[in-house]
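Q: As listed in Swiss-Prot for this protein:
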{"type": "BINDING", "residues": "Cys143, Cys146, Cys196, Cys199", "note": "Zn(2+) 1 binding site"}
{"type": "BINDING", "residues": "Cys160, Cys163, Cys182, Cys185", "note": "Zn(2+) 2 binding site"}
{"type": "DOMAIN", "residues": "5-70", "note": "domain 'J'"}
{"type": "REPEAT", "residues": "143-150", "note": "repeat 'CXXCXGXG motif'"}
{"type": "REPEAT", "residues": "160-167", "note": "repeat 'CXXCXGXG motif'"}
{"type": "REPEAT", "residues": "182-189", "note": "repeat 'CXXCXGXG motif'"}
{"type": "REPEAT", "residues": "196-203", "note": "repeat 'CXXCXGXG motif'"}
{"type": "ZN_FING", "residues": "130-208", "note": "zinc finger"}
Amino acid sequence: MAKRDYYEILGVSKTAEEREIKKAYKRLAMKYHPDRNQGDKEAEAKFKEIKEAYEVLTDAQKRAAYDQYGHAAFEQGGMGGGFNGGADFSDIFGDVFGDIFGGGRGRQRAARGADLRYNMDLTLEEAVRGVTKEIRIPTLEECDVCHGSGAKAGTQPQTCPTCHGSGQVQMRQGFFAVQQTCPHCQGRGTLIKDPCHKCHGHGRVEKSKTLSVKIPAGVDTGDRIRLAGEGEAGEHGAPAGDLYVQVQVKQHPIFEREGNNLYCEVPINFAMAALGGEIEVPTLDGRVMLKVPSETQTGKLFRMRGKGVKSVRGGAQGDLLCRVVVETPVGLSEKQKQLLKDLQESFGGPTGEKNSPRSKSFFDGVKKFFDDLTR
């Protein structure tokens, strides 16, 4: 049976960094470890497969060979010859076989810094009006002693003796030769003989930094703000990554947001619903009076234009929609109960056609339903 791709086994991309590979291995190894799956032959085989993939992909030389030749690189006779740091043969065949096998004569560039993500919780008011907030994030910053070179102060990285600074080595097999990343310097073309005492040759140190982030008015949950160059510092002077601030708007006790519109429920008593009147309602800009017409039914929506959220992209301003909820009175006194009884009598009972047309229609429908059943 053909062996599975090592990258596929670990669930990582072919450009994955070593820390991504280690993280994937740790997760899968814990899941399929024999101690946690005693007697499970399938899990045992899976664990061996994961371990094999990890051992190859975390070894720079083995990984480079695997990327070039696949599983054939580790079969007997799969790779002959050895490493050669010269450049003459590459001048003849490099353009042809470099393209075919993914090699190339250029030195591998130092890795750009990783992007970072920060989850920011905002109140609805902050999201609507905009706000400036200070955040503190852990990150990797350029070492201030070696200025990112990784070398001890007063020294410089030295040219790699294996690849002579090209970052590439040649694998010979018979008449043909292919290039791959130098396993000695990992493609950088230089080596650090005396590492910096502070960053230990990495060119970066762990730090926390404080940033002032300006949140524009109108943002909503799911919006993302990019701060260029505020991610982790790049390796050995490479560009820094970016910081992405992910917005999450907290639930509001009064308003619900849908796009640029706001919704709220406005409770009114049945007397106001029947007779009409004015009631004070909240908006994000303060209190305003809402005119309720007579004979208003529960669920009726009243639109207050321009009282919603201004679009984060400018221009459009949303509305505030007030949904009326007619409340049934509670805690009635005997006098109030009698007044309601008298009122109900004046309606002609609970199904009064004139004053409760929907009730009349409903009960007429119920009567017809049962009449049809008894026929």
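Just so you know, glycine gets a Cβ as well, placed from its N, Cα and C.
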Q: Cys143, Cys146, Cys196, Cys199: which of these binding-site residues has the highest Cβ count within 10 Å of its own Cβ?
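A: Buried the deepest by this measure is Cys146.
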Q: Same chain, outside the repeat 'CXXCXGXG motif' (143-150) by at least 6, Cβ under 8 Å from its Cβ: which residues?
A: 156-157, 192, 195-199, 201-205, 233-234, 236-237
Q: If you measure Cys185 (Zn(2+) 2 binding site) to Cys196 (Zn(2+) 1 binding site) at Cα, how many Å is it?
A: 17
Q: Check the Cα-Cα distances from Cys196 (Zn(2+) 1 binding site) to the binding-site residues Cys160, Cys163, Cys182 and tell me which is shortest.
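A: Sorting the binding-site residues by distance from Cys196 (Zn(2+) 1 binding site), the top entry is Cys160.
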Q: What whole-number Å value do you get for the CA-CA distance of Cys182 (Zn(2+) 2 binding site) and Cys143 (Zn(2+) 1 binding site)?
A: 26
Q: If you average per-residue pLDDT over the repeat 'CXXCXGXG motif' (143-150), what number do you get?
A: 89
Q: Around the Zn(2+) 1 site recorded as Cys143, Cys146, Cys196, Cys199, what other same-chain residues have a C-beta within 8 angstroms of the site's C-beta center?
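A: Near the Zn(2+) 1 site, beyond Cys143, Cys146, Cys196, Cys199, sit Asp144, Val145, His147, Gly148, Ser149, Gly150, Ala151, Pro195, His197, Lys198, His200, Gly201, His202, Gly203, Arg204, Val205.
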Q: Could you state the CA-to-CA distance between Cys163 (Zn(2+) 2 binding site) and Cys146 (Zn(2+) 1 binding site) to the nearest Å?
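A: Cys163 (Zn(2+) 2 binding site) to Cys146 (Zn(2+) 1 binding site), Cα-Cα distance: 24 Å.
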Q: Whole-number answer please: how many Å between the C-alpha atoms of Cys160 (Zn(2+) 2 binding site) and Cys146 (Zn(2+) 1 binding site)?
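A: Cα to Cα, Cys160 (Zn(2+) 2 binding site) and Cys146 (Zn(2+) 1 binding site) are separated by 19 Å.
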Q: Ten-angstrom check, please: count other Cβ atoms within 10 Å of the Cβ of Cys160 (Zn(2+) 2 binding site), all chains counted.
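A: Taking all protein chains shown, Cys160 (Zn(2+) 2 binding site) has 22 Cβ neighbours within 10 Å.
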Q: Could you give the number of helix, strand and coil residues in the zinc finger (130-208) as assigned by DSSP?
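A: Looking at the zinc finger (130-208) with DSSP, the answer is 0 helix, 35 strand, 44 coil.
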